[in-house]
């Protein structure tokens, strides 16, 4: 008789191995049916389209989960170095389609849903965007997570689970109005709460120096509840984790004040603690020193570092070897990447844990911290740099303030020893800025406390070294690197532009999806008549589809054979949507002046959100909509020029407009845009770029040949020279009649007859204090736009340039970017190892 199984042996039956995957259409249908009835508790008589979406999401998620568990088991066994990407923003967009694409499930799901009498595309459109970011910085983090999973890195994204993401933008009477983005209202099928890993985060209190070391006492505690979202790599069975923290009040919150007798009041006040993760701050490239924001920054850092250290200590390696409780090996097992200065508190927090809690001596702790942390700089705009008042730290994080002072003192002692008597250098390099309000310069803290500092495009990294952190570069040049940004080709080609992806696959196979440099193989096809026709046909189909979408969603009818001239990004003076406006007004005036002349028809689309408190940006939106009101209703103009403001620009709208664009506008003042990634998305999707020599545009021109982009305007050196000389806007206004006419029309109320003074602030800024020198580039921009028109008249030559651009866009994959981070900053190698799927036994 067989020996009875032990409990431990019985438990081996609890395994992901025995669970069927989604091999075929029948299984998808079965799983969909099961989830509709058993998970959502609906039948077809009462199910809503959203129920069908959720049933499909749970079906796809089932397929993910086995791989997710397997991946974590694999990491536990191999114990690789872990990469922790810390960011206050992850702009993920929608998840369903991306998950199906990366798991290779799209065709099976499409067919199953079709067989059930439903439409997959209609279901996909119901899903909310996860809008936990403002723009480029948050979207970069999302692309990076995709690439890290695809490259088999043991990586984790850590951030905040904002209850309300970036606001929804409504346009009312031409003005932006913000609405709360209640993205979790119907639940989120992709996240898994992990209350068992809930962690305390401390605020306020006081510091006591005792013989046993330093104690941070009498703090207020907020709990951080983790929610995990799977991040699937592309067809490699790797599923990484994005862990977002949500704030919860502890059960005894304020109840220690019970003698006050107001139990109800105490429970209601739990909201105060939980407000920490309530809402994303909607500022892009602008620092607003609010205490709640500082709380958010410390909240994510404190929870994440506890989690990192828990994982470090409990790893398999640590069980076998006492070395793990000694932190010497910490930088060999942990890399922390700071996405801008927002998670800068990681540096003093790691020091606090090592010195105060783990009793590591200061110098050793500092060495560990520096080897572990690396910092990515994303902007050179002075108004965007984080400078927190010391008084706020004193109250909120008193121990961290002491640690920052100590870090700064040692740093300044070091600088003083190297540059004796150079007092001004000490002032410039201090973490503490003296003045009426003493401030902590978070960028300086990041540079001092990291072993690597990188910019996000070559030109930006040079500006970082020669200007923003010049003194620090002179001190430690080996620290500074460049890592040109990239985008994931899975979302930004395969998912959003399947027609173009298929056309490319027919010619060069599928390898380019994980090695975008393979697109170079398209270069010999640049004169291939059939390929030229195929590429042009895909673009026309995308334009027709987007035209239909505009008509349905925005009730706007456009001419699909016009040039789609697209300018979509956050609204900011440095991005110069105003330069685009001046071009549009000038074109309008030319049509009115000579209506019989042949014009290349254009549909100009401008989209993007303005920070709610940014008056000028909101006024720019009003100007765009007002110009549209005049131009679009002028019978003389007809179909030749249309101006559309794309309301509520977000990831899911980008996925529609980018594949349809002919012309991509990337026209920031040289030296202002760190990199840009929209520029890369348009390039990969077959739009031509009009742009300045700024950010990644420089490298795009280098890759594709400047003659295959429309480059214009001042370069960084010219901008600097103009600053030294003194920029005088009036000179341009007086000498360029078309510019003068356009500015006068805006100024006089031609576009705002009911409010003639509506745009006086814009004109005043342009004439008297325009930091971004719009007028200085106007003439060159107009000439460049004329070249665009000329080429567009020759569709074949236009498409040849498009093909060259697509073929040369390989550098701009986030896979390449992440490979560089891995090798040159984190000290890990990407892996093309396929983790066995759940139905295959492990080694």
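For all residues, glycine too, the Cβ spot is worked out from N, Cα and C.
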Residue from 293, 310, 352 that Swiss-Prot also lists as binding AMP with 43, 197: 310
Alpha-carbon distance [residue 569 (pyridoxal 5'-phosphate binding site); residue 197 (AMP binding site)] in Å: 37
Residue 43 (AMP binding site) versus residue 681 (N6-(pyridoxal phosphate)lysine) - Cα distance in angstrom: 41
Max pairwise CA distance, angstrom, over record-listed AMP binders 43, 197, 310: 44
Cα separation, residue 310 (AMP binding site) to residue 76 (site 'Participates in a stacking interaction with the adenine ring of AMP') (Å, whole number): 13
Residue pair residue 109 (site 'Involved in the association of subunits'), residue 310 (AMP binding site) - Cα distance, angstrom, rounded: 39
Nearest of the binding-site residues (43, 310, 569) to residue 2 (N-acetylalanine) - Cα to Cα: 310
Shortest C-alpha distance to residue 156 (site 'May be involved in allosteric control') - which of the binding-site residues 43, 310, 569: 310
Tertiary neighbours of residue 569 (pyridoxal 5'-phosphate binding site) (same chain, Cβ under 8 Å, six or more apart): 135, 136, 575, 608, 676, 678
Assigned element (helix, strand, coil) containing residue 76 (site 'Participates in a stacking interaction with the adenine ring of AMP'), judged by DSSP: helix
